Amino acid sequence: MKLKTNIRHLHGSIRVPGDKSISHRSIIFGSLAEGETKVYDILRGEDVLSTMQVFRDLGVEIEDKDGVITIQGVGMAGLKAPQNALNMGNSGTSIRLISGVLAGADFEVEMFGDDSLSKRPMDRVTLPLKKMGVSISGQTERDLPPLRLKGTKNLRPIHYELPIASAQVKSALMFAALQAKGESVIIEKECTRNHTEDMLKQFGGHLSVDGKKITVQGPQKLTGQKVVVPGDISSAAFWLVAGLIVPNSRLVLQNVGINETRTGIIDVIRAMGGKLEITEIDPVAKSSTLTVESSDLKGTEIGGALIPRLIDELPIIALLATQAQGVTVIKDAEELKVKETDRIQVVADALNSMGADITPTADGMIIKGKSALHGARVNTFGDHRIGMMTAIAALLVADGEVELDRAEAINTSYPSFFDDLESLIHG
């Protein structure tokens, strides 16, 4: 598709879609709880719809009516063997978390996904689950999907140090630990997003968190709840950057989730000199209103414990860095290589084709700014975040056209993205 270019200003206020991580988990917890769960403001992107369909296939009654998702929970042991293989679509979150959920189910399942998911390594989750007594295997030594899994009613607790910082693996092991008899201890390499921990407590579960150490005593029962999903800061990130780099702009983003494990992008914007204001903070929902204005930016260094707090925002942060004076270094982000695409290479290739100066490294990028961007043809390779990054980059292009191939990938997390963009262009 042909993208909008040469935009002189952006103005307006929008409410970004519901948080993808919280939306996935609300369906999982609601299904495993006893009683009814109602979920408000859920993200209806393709990944979350995949999770919803998988639990329907596992025998859970889920109704989507009048904007509210109602889940009739079946309890920790109530899932039923599906008639067919479970389709995870493009969703790494779905296949990894649900592997942990099914660890205690006494039936065999096959889980598969699209071409992109079929290239993503699952050994990070299959190895610890095998230690707990689960029979699980995929293709090649990296256990690529499709996966075959047979759970066990005699799940063993685990003491496991994560070799990588991964909220998905941590969460999969927590779901398994809830079904194992005894104490499981999970030790993170770096602190990652803690939505599973927060929601476990909300649904009446128990755990203790001491720094990077999480202890779960199993088995446990959960009770249905009301969940209100805040806006997704990973989706808001595209507008935060757009408001900072498009001249004469001021954008107001309402109801954005600001869980402290997800706000790395706010730290980076401030380090780069961006004008960003946080107001209307709701400490219970962990949400707020974020306002940004066009800013003169400077390069910075991004690495270490900051990376898990902004891993999904790094593509759009790379674009931000192309518009900052000086050098920005992103390091310790090798995890980007096993996202929907190799995001280190794909981001560098896409933005360099538009005139940026980015050198990919083994664990990140070196970005020299400030760069004037020009027209190009960019392929998302099925990666939603590459698509949205390119659409924001195109706004700065004064010379030539920007063509985006496979733009439909954006529906993974933000089906209304282009509608919201139009409203801000005309705001």
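Along the chain as shown, residues are numbered 1 onward.
Including glycine, each Cβ sits where the backbone N, Cα and C put it.
Mapped onto three states, the DSSP output places D312 (active site, proton acceptor) in helix. Within 10 Å of the Cβ of D312 (active site, proton acceptor) there are 23 other Cβ atoms, across all protein chains. The active site, proton acceptor feature in Swiss-Prot is assigned to D312; the stated evidence is sequence analysis.
The Cβ of R25 (3-phosphoshikimate binding site) has 25 other Cβ atoms within 10 Å, all protein chains considered. Sequence annotations record features per position, and here Swiss-Prot assigns 3-phosphoshikimate binding site to K20, S21, R25, S166, Q168, D312, K339 based on sequence analysis.
In the three-state DSSP reading, R343 (phosphoenolpyruvate binding site) counts as helix. Listed in sequence order, the residues of the same chain lying 6 or more apart from R343 (phosphoenolpyruvate binding site) and placing their CB within less than 8 Å of its CB are L314, P315, L336, K337, D383, R385, I386. Positions annotated as phosphoenolpyruvate binding site by Swiss-Prot, on the basis of sequence analysis: K20, G92, R120, Q168, R343, R385.
Distance from the CA of R120 (phosphoenolpyruvate binding site) to the CA of R25 (3-phosphoshikimate binding site) is 21 Å.
Here the binding-site residues are S21, Q168, and the one with the most other Cβ atoms within 10 Å of its Cβ is S21.
Neighbour density for G92 (phosphoenolpyruvate binding site): within 10 A of its CB lie 22 other CB atoms from the protein chains shown. Residues K20, S21, R25, S166, Q168, D312, K339 are listed as the 3-phosphoshikimate binders, and the farthest two of them sit 19 Å apart at their Cα atoms.
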